[in-house]
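Noted in TrEMBL for the protein shown:
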DISULFID  Cys80-Cys85  disulfide bond
BINDING   Arg143, Thr145, Trp156, Ser203, His206, Arg238  FAD binding site
DISULFID  Cys345-Cys348  disulfide bond
ACT_SITE  Cys345  active site, nucleophile
ACT_SITE  Cys348  active site
Amino acid sequence: MLPRVGCTCCHDAVKPALCCFLLQLTGVLDDCFCDVESIDVFNNLKIYPRVRKLTERAYFRYYRVNLKRPCPFWPDDGHCAIKDCHVEPCPEVRGQPHSHLNKSKEAFADWARHDDAQDHFCELDDETSPDAEYVDLLLNPERFTGYKGPSAWRVWNSIYEENCFKPRSVYRPLNPLAPSRGESGKPVTGLCLEKRVFYRLISGLHSSINIHLCAEYLLDEGWGRSVWGPNIREFRQRFDTAETKGEGTRRLKNLYFLYLIELRALYKVAPYFERAFVNLYTGNAREDGATKDLLLQIFNEIKAFPMHFDEKSMFAGHKIEAKTLKEEFRLHFKNISKIMDCVGCSKCRLWGKLQTQGLGTALKILFSEKEIKNLPEHSPSKGFQLTRQEIVALLNGFGRLSTSIYQLHNFRQLLKENR
């Protein structure tokens with residue numbers, strides 16, 4: 001648990017700001033009644049170990065995605081030529097431990113037949129595109145590939161400046177690593193709750209992705225063997241209070257806020273998965289049963305968490321105004337999803353699209369509370385449903401947030417060791 005006062009971990013005159021800015025990441029978060037320390041303990045001890053195991057299982061490690069769709073907003077400025085930007089395709093033959101996937105194309109076709117037999121009442125997008133293909137997420141981990149510069153900056157700049165409910169106090173120039181002109185460490189103000197939440201969700205997603213890149217950074221390519229690990233200098237550049245004019249701590253708090261939003265969505269959707277006839281199909285009954293048992297364990301831990309985000313205050317005003325704002329919220333988010341097709345690095349695009357769909361699925365759940373409550377107990381529903389892709393994105397997206405918070409703990413330890 002983080003100390004609340006002082007800066008006892010730092011004695012080197014050059015490093016105190018780097019260490020102390022993480023000590024400022026403490027206390028109650030804005031717009032909710034949960035504190036950072038409680039989330040750290042809950043996530044790192046109870047959720048992270050389980051969700052990591054879950055995302056390694058066959059159902060959750062394969063994600064169907066279209067990485068060939070052109071950018072709809074500006075001319076293609078070229079793709080990343082660095083080898084680590086490339087997405088490794090699923091091999092034709094797989095060995096243990098998933099022997100039922102020995103012939104992957106046959107297995108994926110079987111999954112498609114199973115999914116097509118279910119009732120669907122939503123757009124499938126990438127799932128039905130002829131250019132979409134399954135990607136093994138374990139073969140393509142999210143990490144720093146070397147993709148950076150104007151192409152990468154343009155994507156985030158477009159998200160923040162054109163598509164986000166952004167408070168006037170926060171300025172994000174073309175280069176997101178350049179200092180912000182926001183007020184140092186002060187909460188976002190001047191927006192209604194819904195628009196403030198939207199901005200914090202996008203900021204939290206950006207922070208989470210940046211933590212992954214800093215924690216899995218390409219440190220050495222010597223002798224034909226790449227070495228990946230944490231890069232403290234890169235982490236400081238993105239989050240240190242001194243480097244970001246006080247904006248870094250707020251970015252990290254937005255990560256925790258996003259974690260609470262997606263945690264709440266999982267809490268709300270638990271009844272959907274708890275019904276006996278809902279399975280996580282891969283064709284191997286024993287594997288599928290074990291995967292569902294592990295998922296239900298995670299749901300039970302989430303139910304026991306005492307400080308969930310209360311979404312009831314959102315879209316709770318005048319019905320017409322609330323409906324208009326909710327639709328505007330949805331369209332802004334849909335536009336951000338499309339911007340992910342402008343990411344030049346294939347591996348970055350893969351994880352950007354997955355985490356964006358995961359957040360979109362979480363919002364879909366929070367906006368569908370009545371439909372989930374009215375689900376039939378013993379028969380398939382013709383109301384609220386989730387596709388395989390939404391389920392995979394939801395749990396992997398939440399897994400990425402859980403990993404980010406766990407990695408923050410690792411950065412604290414590294415900073416203490418290097419004091």
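Just so you know, glycine gets a Cβ as well, placed from its N, Cα and C.
Those TrEMBL annotations? Automatic predictions, nothing curated.
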Exercise. Counting other CB atoms within 10 A of each CB, which of the binding-site residues Thr145, Ser203 comes out lowest?
Worked result: Thr145
Exercise. Here are the disulfide-bonded residues: Cys80, Cys85, Cys345, Cys348. Which has the lowest count of other Cβ atoms within 10 Å?
Worked result: Cys85
Exercise. With every protein chain in view, how many other Cβ atoms are within 10 Å of the Cβ of Arg143 (FAD binding site)?
Worked result: 19
Exercise. Between the disulfide-bonded residues Cys80, Cys85, Cys348, which lies closest to His206 (FAD binding site), Cα to Cα?
Worked result: Cys348
Problem set entry | Rounded to the nearest Å - Cα separation of Cys348 (disulfide bond) and Trp156 (FAD binding site) | 13
Exercise. Including all protein chains shown, what's the count of other C-beta atoms within 10 A of the C-beta of His206 (FAD binding site)?
Worked result: 20
Problem set entry | Entries of Arg143, Trp156, Ser203, Arg238 which, being binding-site residues, have CA atoms within 10 angstroms of Cys80 (disulfide bond) | none
Exercise. Hey, of Ser203, Arg238, Cys345, which of those recorded positions are within 10 Å of Cys85 (disulfide bond), Cα to Cα?
Worked result: Cys345
Problem set entry | Whole-number Å value of the largest CA-CA distance among Arg143, Thr145, Trp156, Ser203, His206, Arg238, listed as FAD-binding | 21
For this session: Name the one residue among Arg143, Thr145, Trp156, Ser203, Arg238 whose Cα is closest in three-dimensional space to that of Cys345 (disulfide bond); these are the binding-site residues.
Result: Thr145
Seminar exercise, completed: Excluding its own, the Cβ atoms lying within 10 Å of the Cβ of Trp156 (FAD binding site) add up to 19
